[in-house]
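Feature annotation from TrEMBL assigns transmembrane segment to 21-44, 56-74, 81-103, 115-138, 158-177, 183-201, 208-226, 294-321, 333-350, 370-392.
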Amino acid sequence: MQNLNLKNRGTTFHWRDDSRIDWRIIFVLIALMAIGFVSIFLALKADSSGSIVKSMFVQCLWWAFGWSIAIFLMHLDSQQLFRFAPVAYALGIFLLVFVLFAYSRSLEATTNAKSWLAIGSLTFQPSEVMKPALILMLARVVYTHNQNYSVHTLSSDFLLIAKMSGITIPVIVLMLLQHDFGSTLVFVAIFGGIFLVSGILNRILVPIVGAFGTIGALAIFAVTTTPGRNFLTQLGFESYQFARIDDWLDPSGNDTNSSGYQLYQSIKAIGSGRIFGNGLNNITVYVPVRESDMIFSVIGEGLGFVGGFVLIALYFFLIYSMIRRVFDTKNSFYAYVVSGVVLMILFHVFENIGMSIGLVPLTGIPLPFISQGGSALIANMIGIGLTLSMQYHNFTSEFAKKETNFK
């Protein structure tokens with residue numbers, strides 16, 4: 001994969017030259033958007049005591065804003081994104097620090113996380129902005145490093161790891177201070193996605209991946225044993241986080257205030273849908289906050305296994321299309337960016353559906369493009385915009401007479 005900045009020079013294209021636009025990704029997004037609107041409407045219809053029309057209108061506004069951002073980013077080439085990365089990262093860090101002092105007290109009381117800003121009825125989660133910002137910054141760091149060290153050695157690769165860690169660790173620390181463990185895992189996934197395609201030597205890569213596996217095993221031991229929990233408590237873990245683990249291991253429908261009740265009801269709803277579902281007008285099993293975090297339970301109950309399979313297939317096709325673009329591009333900066341976007345979306349899908357069926361603990365991570373809310377949707381649409389930019393400018397580069405490196 002060559003390290004080239006691909007930029008069109010002297011050639012004008014119009015929207016009718018649609019070969020530059022990845023319509024497959026756009027069509028999948030339209031399908032996901034439609035599924036999301038239907039699912040949110042059904043959830044609100046079954047549970048909400050407020051105005052359904054107002055909630056749906058707000059969601060439409062978020063989608064309109066998201067599409068606008070995606071189209072805007074699609075028109076930015078890799079050089080412009082490269083230069084903007086430090087600004088985006090600095091803005092993200094500022095917001096993560098700011099929210100620690102100005103977080104919504106009411107939302108902190110219900111979510112146990114200091115990660116939300118609120119202005120009237122409008123809420124916003126700064127960590128969502130940080131996700132694409134970290135992707136851009138890590139991609140810039142890796143690209144610049146590989147330009148300076150064209151031959152990978154042990155010392156140069158360890159230096160790259162140090163640079164990537166120096167960018168990521170402040171974000172992880174700020175997320176832990178916000179008590180937002182779910183988003184912390186997303187940032188780790190983003191780091192891992194770009195790390196895997198950074199070109200680091202296998203003799204370094206394999207032991208590090210093995211070390212992460214060992215850390216994962218130790219983490220499981222820590223959260224399931226008394227000595228381990230005592231140690232984690234000293235590190236700042238809260239009792240509600242351990243309660244989520246207990247509820248995941250043994251969900252119960254008795255305590256309506258516990259996360260175990262939420263999981264129990266979600267599994268019950270999905271199971272009641274069986275193969276073909278109970279129908280869109282027959283959503284009867286109550287699941288707390290199913291319009292956002294537990295939206296998959298609505299799909300499972302209404303459309304059954306078939307509906308869930310179709311949704312997962314759409315996600316698979318979206319991820320597949322993005323990965324294909326990574327392998328097709330000649331621009332390594334784009335490859336790093338889209339690899340991070342792929343891991344961001346893929347982890348969200350796995351975690352959300354997994355927690356809805358009891359495969360993994362509840363973490364409060366929304367289902368991409370489906371769940372109600374604007375913060376996560378905007379972050380994901382930024383990722384889509386970055387991906388569309390790769391295809392958009394790769395096409396023009398085929399007609400470019402001059403290709404230059406970043407300066």
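For all residues, glycine too, the Cβ spot is worked out from N, Cα and C.
Outside the transmembrane segment (333-350) by six or more residues, the chain places 1, 3, 5, 78, 81-82, 131-132, 134-136, 138-140, 142-143, 185-186, 189-190, 192-194, 196-198, 312, 315, 318-319, 322-323, 325-326, 360, 365-368, 376, 379-380, 383-384, 386-387, 389-390, 394, 406 with a CB less than 8 A from a CB of the stretch. The transmembrane segment (294-321) and the transmembrane segment (115-138) are not in contact, since fewer than 3 Cβ pairs between them lie under 8 Å (pairs 6 or more apart in sequence). In this chain, the transmembrane segment (81-103) does not touch the transmembrane segment (21-44); fewer than three CB pairs sit within less than 8 A of each other, excluding pairs fewer than 6 residues apart. In this chain, the transmembrane segment (115-138) lies in contact with the transmembrane segment (370-392); the count of Cβ pairs under 8 Å, excluding pairs fewer than 6 apart in sequence, is at least 3.
Per-stretch counts of Cβ pairs under 8 Å to the transmembrane segment (158-177) identify 183-201 as the leading one among 56-74, 81-103, 115-138, 183-201. Tertiary neighbourhood of the transmembrane segment (81-103): same-chain residues 5, 73, 114-117, 126-127, 129-130, 132-134, 136-137, 139-140, 143, 167, 170-171, 174-175, 177-178, 333, 337, 386, 389, 406, selected by CB-CB distance under 8 Å and a gap of 6+ residues from either end.
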